[in-house]
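Below is one structure, written out as structure tokens, with a few remarks after it.
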Amino acid sequence: MRHYTGIDRLINSFDQALRSLVPGTTAAQRSNPAEQTQAPLTVSDARHVAGLMRVNHSGEVCAQALYHGQALTAKLPNVRLEMEQAAIEEQDHLAWCEDRLKELDSVPSLLNPVWYSLSFGMGAIAGIAGDKYSLGFVAETERQVSSHLQDHLKQLPTHDERSKRILEQMNQDELHHRDTALNAGGVELPVAVKITMTAISKLMTKTSYYI
């Protein structure tokens, strides 16, 4: 097995950032759960759904950055592998959201580079703080993402089966990642950290809906 140096991981991180931020460069490994479904929408419904999916796409960009940052600084090899595997699974979400945005004649958020940079930095700091905090950070992030997804599912037009199936599968995966992180030794984060994460998340969701 090849041993990766710090330089190797930095180069890999740069490549991962480009793949997360440049539309069309991420391919899903699993089939899109929205296949074989139809979702005719009015103009206003399509605009609203596009806003929701843009927020979800930005959330997945943040998740990618979080995992990439943690994988770069994680101390234990098994934790680094956990982060890398989770990032691979999250790539499906990124691709599915991007596909849905295309179907709605919309585009990802222009602010994604900002969200990626912030999340990468937070992930790297969490990794430096220690693996139990790094895993706890993952668990809390996935909990918040799941909460957003459940809220968006309630906001979807009742006949938008395509978006519904995508978000339901994403939510299932996020909860699995949360449980995996906790079972691997993740600890509950301090209240101040949770509040900060929530504030950043709210800023991202409000701006990415429009921009």
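Every residue gets a Cβ built from N, Cα and C, even glycine.
What Swiss-Prot annotates here:
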- GLU60, GLU90, HIS93, GLU174: Fe cation 1 binding site (BINDING)
- GLU90, GLU142, GLU174, HIS177: Fe cation 2 binding site (BINDING)
Distance from HIS93 (Fe cation 1 binding site) back to GLU142 (Fe cation 2 binding site), taken between C-alpha atoms, in Å: 13
Residues within 8 Å of the GLU90, GLU142, GLU174, HIS177 Cβ centre (excluding the Fe cation 2 site residues themselves): ALA63, ALA86, GLU89, VAL138, THR141, VAL145, SER146, ASP173, LEU175, HIS176, ARG178
Rounded Cα separation (Å) that holds between HIS177 (Fe cation 2 binding site) and HIS93 (Fe cation 1 binding site): 13
Other residues, Cβ within 8 Å of GLU60, GLU90, HIS93, GLU174 Cβ centroid (Fe cation 1 site): GLY59, ALA63, GLN64, GLU89, ASP92, LEU94, VAL145, MET170, ASP173
Candidates HIS93, HIS177: member of the binding-site residues with the richest Cβ shell (10 Å): HIS93
Assigned element (helix, strand, coil) containing HIS177 (Fe cation 2 binding site), judged by DSSP: helix
Residues near GLU90 (Fe cation 1 binding site) in space but at least six apart in sequence (CB under 8 A): GLU60, ALA63, GLN64, TYR67, ASP173, HIS177
HIS93 (Fe cation 1 binding site) - helix vs strand vs coil (DSSP): helix
